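Q: First, the structure itself, so that you have it in front of you.
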Amino acid sequence: MVMGLGVLLLVFMLGLGLTPPTLAQDNSRYTDFLAQHYDPKPQGRDDRYCESIMRRRGLTSPCKGINTFIHGSKRSIKAICENKNGNPHRENLRISKSSFQVTTCKLHGGSPWPPCHYRATADFRNIVVACENGLPVHLDQSIFRRL
C-alpha cells in the first residue's frame, strides 16, 4: 500500500511538470500585450501623449525606440485572431480585415536613457498580430501597411 501511494505521488508530480501552459499563463501574455499596445480612449494623440503614456506604461527605462498603441475595442482586437476580423498573414501572423485608429510613438533623439522624447504619428491602419489560443500576444511593427 505504501509503495502504491509512492508510485501514485511520483506519477502525479511528473504530470505536473509535463502539463502544457495554463490558461492563466496564456492570459498573462495577452495582458502584457494590452499593457504595451492598448489604449481605448487616448487623451490627445500628439508628442505629449506619447511621452506621457510611454512613461506610464514603463517603456522608458531604457527608452523604447518605437511602440504603437491601438485605439479600439478589445473585442475587435481579439476578433483578429478569428475569422471575424482577421486573415492569415505570413507565418503565424494575422492581419486585421478592418483598419484601427493607432498612434505610433517613435523615439526622437540619440539617447536611450530618460528623459525620453517621442514623436507621435496618428493614423488608421490594418494591424498585424501574433495569436496564441485565440488571443493577440504580439503586435508586429515591421509589417504595418497604411491604407
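Just so it is clear, glycine is given a Cβ too, placed from its N, Cα and C backbone atoms.
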Q: Identify which of Cys63, Cys81, Cys105 is listed by Swiss-Prot as the disulfide partner of Cys131.
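A: So the cysteine paired with Cys131 in Swiss-Prot is Cys81.
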Q: Cys63 forms a disulfide with which residue in Swiss-Prot, given the options Cys105, Cys116?
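A: So the cysteine that Swiss-Prot bonds to Cys63 would be Cys116.
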Q: Looking only at residues six or more beyond either end of the motif 'Nucleolar localization signal' (55-59), which have a C-beta under 8 A from one in the stretch?
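A: Distal contacts: 35-36, 67, 116.
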Q: Can you tell me which of the recorded positions Asp46, Cys63, Cys105 is spatially closest to His37 (active site, proton acceptor)? Compare CA atoms only.
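A: The smallest Cα gap between His37 (active site, proton acceptor) and any of the recorded positions is with Cys105.
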Q: Please identify, from the recorded positions His37, Arg45, His138, the residue with the sparsest Cβ neighbourhood, meaning fewest other Cβ atoms within 10 angstroms.
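A: Counting other Cβ atoms within 10 Å of each of the recorded positions His37, Arg45, His138, the minimum falls on His138.
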